[in-house]
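Student: Structure below; questions to follow.
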Amino acid sequence: MFDNASDNIRLDKRNYGIDLLRLVSMFLIVVLHSLSRGALVGVAPFNIHYEAGFLIEALTYCAVNCFALISGYVGVDSKFKYRRIVPIWLQVVFYCLIFTMFFMYLKPDLLTNKALLGSNPYYTALTPVIHNTYWYFTAYFALFFFIPFINKGMRDITIKQAYAVIISVIFVYIALPYFAKVDLFKLEKGYSATWIIFLYVIGAALKKIKIEKLIRNKYWYLILYVLTAVMAWGGKFISEYHTKLNGGFKNDEVFLQYNSIFILLSGMFLVLFFANLNINNDKFKKVIRFLAPAAFGVYIIHVNPLMFQLPFWGKLMQLSQKPLYLMVLGVLLNSLIVFVLCLAADLVRIQLFRLLHINKFLDLISDWLSKYMNLFCEKVKKCSDGNSVNNKKLSQGKLKDR
């Protein structure tokens with residue numbers, strides 16, 4: 001979701017396919033929410049609307065994984081700066097405060113909902129990580145401070161070891177919990193910092209492997225993306241149908257969750273497809289470069305807990321009563337409208353921040369903090385080196401005494 005990893009990439013070296021994937025993935029996330037919070041709510045299982053809806057959901061489910069995979073794929077070779085988290089955090093707080101003030105006048109009763117916003121809505125708005133307002137941002141915040149260490153480790157490993165990393169994650173953190181039928185490592189269906197960290201590592205490993213040398217036709221990645229997504233839907237269908245034959249019904253989510261093997265693979269293949277997509281049209285590049293930084297804003301705006309309380313999402317439930325083609329068109333059209341409106345809103349926010357020189361002000365603060373942090377680290381290093389020298393002299397003195 002975050003475009004910061006490409007800040008230091010020259011325009012002629014920038015991967016526009018990856019930037020395009022940021023936008024495509026964000027649209028898929030809006031589609032996913034339109035289904036899970038609207039069109040598929042209350043739909044009877046095994047009818048055509050249910051199965052078609054979950055097939056679309058299977059095709060969109062990997063979108064969140066894609067963002068974390070992109071972070072690793074791009075970030076592993078980028079120069080890391082701790083100050084990058086500051087503008088991201090400010091963007092989140094900005095929207096949280098805007099929505100809190102907006103709903104204070106529109107629906108003040110919502111602000112008294114402690115389960116939704118805590119005891120103090122404005123304090124909640126100012127502390128989105130502490131209150132887990134956006135689970136992905138909270139997870140990314142936890143990942144962010146370990147990125148330089150992960151990057152160093154991933155740069156130093158061999159291609160063979162990179163394969164081993166991916167296989168190890170799949171075997172230990174996906175296969176074992178599946179067969180044990182218990183969330184052994186508390187991944188919480190992928191809604192956790194641990195899973196986002198694993199995705200970052202896998203994304204970095206994919207960059208290390210350079211799998212495009214093995215599979216040169218990029219369209220194979222697109223085919224494999226569709227195939228693995230359909231397998232996720234098929235696994236859900238078979239599992240639920242088997243339960244039905246035994247006289248019951250269970251909405252089996254094990255195949256449609258972020259840490260499902262099929263959803264992970266579909267996300268990996270989608271990243272590889274777009275990473276190898278050659279975009280040569282200069283005008284299209286400019287459009288992508290202009291829009292991509294606003295992708296995260298689409299997430300922050302439409303996923304805000306207060307925004308989810310709008311009647312719009314409830315009205316999407318009516319789509320399940322329409323003919324199938326109208327339901328599908330309705331979901332896609334409504335998702336496109338939400339996506340475009342949120343994208344436009346964040347583009348305005350970006351221009352506003354530029355006019356007010358907010359990013360420059362944040363850079364000054366970040367540089368000041370970095371300066372004193374570096375001075376502190378140097379002093380610690382000197383003290384550590386001094387202690388090492390003293391310990392060495394002391395040990396040498398003891399040896400002479402013997």
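Every residue gets a Cβ built from N, Cα and C, even glycine.
When I checked TrEMBL for this same protein, it listed these features:
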type     : residues : note
DOMAIN   : 15-341   : domain 'Acyltransferase 3'
TRANSMEM : 20-40    : transmembrane segment
TRANSMEM : 52-76    : transmembrane segment
TRANSMEM : 88-106   : transmembrane segment
TRANSMEM : 133-150  : transmembrane segment
TRANSMEM : 162-179  : transmembrane segment
TRANSMEM : 191-207  : transmembrane segment
TRANSMEM : 219-235  : transmembrane segment
TRANSMEM : 255-275  : transmembrane segment
TRANSMEM : 287-304  : transmembrane segment
TRANSMEM : 324-348  : transmembrane segment
Student: Using a Cβ cut-off of under 8 Å, list the residues of the same chain at least 6 residues beyond the transmembrane segment (287-304) that approach it.
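Tutor: 1-3, 11, 14, 16, 19-20, 22-23, 25-26, 29-30, 33, 88, 91-92, 95-96, 99, 133-134, 136-137, 279, 338-339, 342-343, 345-347, 349-350.
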Student: Report the listed stretch (20-40, 52-76, 88-106, 162-179, 219-235) having the maximum count of Cβ pairs within less than 8 Å of the transmembrane segment (133-150).
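Tutor: That would be 52-76.
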Student: Mind pulling out the one from 20-40, 88-106, 219-235, 255-275 with the most Cβ pairs under 8 angstroms to the transmembrane segment (162-179)?
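Tutor: Against the transmembrane segment (162-179), the leading stretch is 255-275.
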Student: Kindly say whether the transmembrane segment (324-348) and the transmembrane segment (219-235) touch, using the definition of 3 or more Cβ pairs under 8 Å where each pair is 6 or more positions apart.
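Tutor: They do not touch: fewer than three Cβ pairs between the two stretches lie under 8 Å.
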Student: Of the stretches 20-40, 52-76, 88-106, 191-207, which racks up the most C-beta pairs under 8 Å with the transmembrane segment (219-235)?
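Tutor: Per the Cβ count, the answer is 52-76.
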Student: Take every residue in the domain 'Acyltransferase 3' (15-341), average their pLDDT values, and give the whole-number result.
Tutor: 90
Student: Ranking 20-40, 88-106, 191-207 by Cβ pairs under 8 Å to the transmembrane segment (52-76), which is first?
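Tutor: Selected stretch: 191-207, with the most Cβ pairs under 8 Å.
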Student: Six or more residues beyond either end and a Cβ under 8 Å away: which residues meet both conditions relative to the transmembrane segment (191-207)?
Tutor: 65, 68-77, 135-136, 138-140, 142-143, 146-147, 150-151, 154, 162-163, 165-166, 169, 173, 185, 258-259, 264, 267-268, 271-272
